[in-house]
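Visitor: Checked TrEMBL, it gives:
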type	residues	note
DOMAIN	10-142	domain 'MARVEL'
DOMAIN	147-283	domain 'MARVEL'
TRANSMEM	20-36	transmembrane segment
TRANSMEM	48-70	transmembrane segment
TRANSMEM	82-102	transmembrane segment
TRANSMEM	114-132	transmembrane segment
TRANSMEM	153-171	transmembrane segment
TRANSMEM	183-205	transmembrane segment
TRANSMEM	217-237	transmembrane segment
TRANSMEM	257-277	transmembrane segment
């Protein structure tokens, strides 16, 4: 008869304690927002989904480690948990910015507004908990046994997430070839980056019939060049001979295209850092 083992270190280690804090904080955040009954629309739905999703997946991770069931899963556990903690930190950070800017009004003197402000503060603490988990689980220099816990691996998650944010802001870009090229850049780089993440978590990269590390360096260089062209062409075609409408609300096309411009720059810098770290990992030997 099989005996279920309990690994209490999943709760008492530094990573385990950090995850417990993230569970409690995300639960408090979405409970406070739910109590206000004011989270409608796309932004409110996104915020509630983020808190609930991060809460549920973190609970699942803790349970699987507590009961030592994760080795039975057909995936690289360290890569999966590293990728999720990075993704959760990015999602919670975005929510901590979007929610107050969308739902909190000034002056904030009502009971509902106070609960919304407290939920925002709790969400910020939740982001810090996930960011701390990323720092605690990050691979040491020279250790590439868990790729997604290295700096290039974490940057892959960042690049894919920023691309998702870009897609959420794209609007009416079919009329100009320059903008169509930029969308193609975002889509191609997103698909390849997401595929790298999935293959890493699924332990499939070892079956590739070519030197993976050098392939990643080549891909990062190509993605960097593609994003450099998008960084130039997107604002050129988006804002040429146009001015900001007045008024220009949250759904204004001008604000969305400005947001895409900044996100494109963020991903350009991410791919640059990714290329530098990947090149260093492949071509610079680590002293033993």
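Keep in mind that glycine also has a Cβ here, set from the backbone N, Cα and C atoms.
TrEMBL does not curate its annotations; it predicts them automatically.
Surface or core, plus neighbours and distances: that's what I need for these features.
Guide: DSSP places the residues of the domain 'MARVEL' (10-142) in helix, strand and coil in these numbers: 109 helix, 0 strand, 24 coil.
Cβ atoms under 8 Å from those of the transmembrane segment (20-36) belong to residues 11, 44, 47-48, 51-52, 54-55, 58-59, 62, 88, 92, 99, 112, 115-116, 118-119, 122-123, 125-126, 129-130, 133 of the same chain, restricted to positions at least 6 beyond its ends.
Proximity of distant same-chain residues to the transmembrane segment (82-102), defined by a Cβ-Cβ separation under 8 Å and at least 6 residues beyond the stretch ends, is recorded for 22, 26, 33, 41, 43-44, 46-47, 50-51, 53-54, 57-58, 61, 116-117, 119-120, 123-124, 126-127, 130-131, 133-134, 137-138, 146, 148-149, 153-154, 157-158, 161, 165, 197, 200-201, 250.
Within its own chain, the transmembrane segment (114-132) has Cβ neighbours under 8 Å at 18-19, 21-22, 25-26, 28-30, 32-33, 35-36, 38, 51, 54, 85, 88-89, 92-93, 95-96, 99-100, 103-104, 108, counting only residues six or more beyond its boundaries.
Outside the transmembrane segment (217-237) by six or more residues, the chain places 152, 159, 176, 178-179, 181-182, 185-186, 188-189, 192-193, 196, 257, 260-261, 264-265, 267-268, 271-272, 274-275, 278-279, 282 with a CB less than 8 A from a CB of the stretch.
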Visitor: Would you kindly check 48-70, 183-205, 257-277 and say which stretch has the most C-beta pairs under 8 angstroms to the transmembrane segment (153-171)?
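Guide: Counting Cβ pairs under 8 Å, the winner is 257-277.
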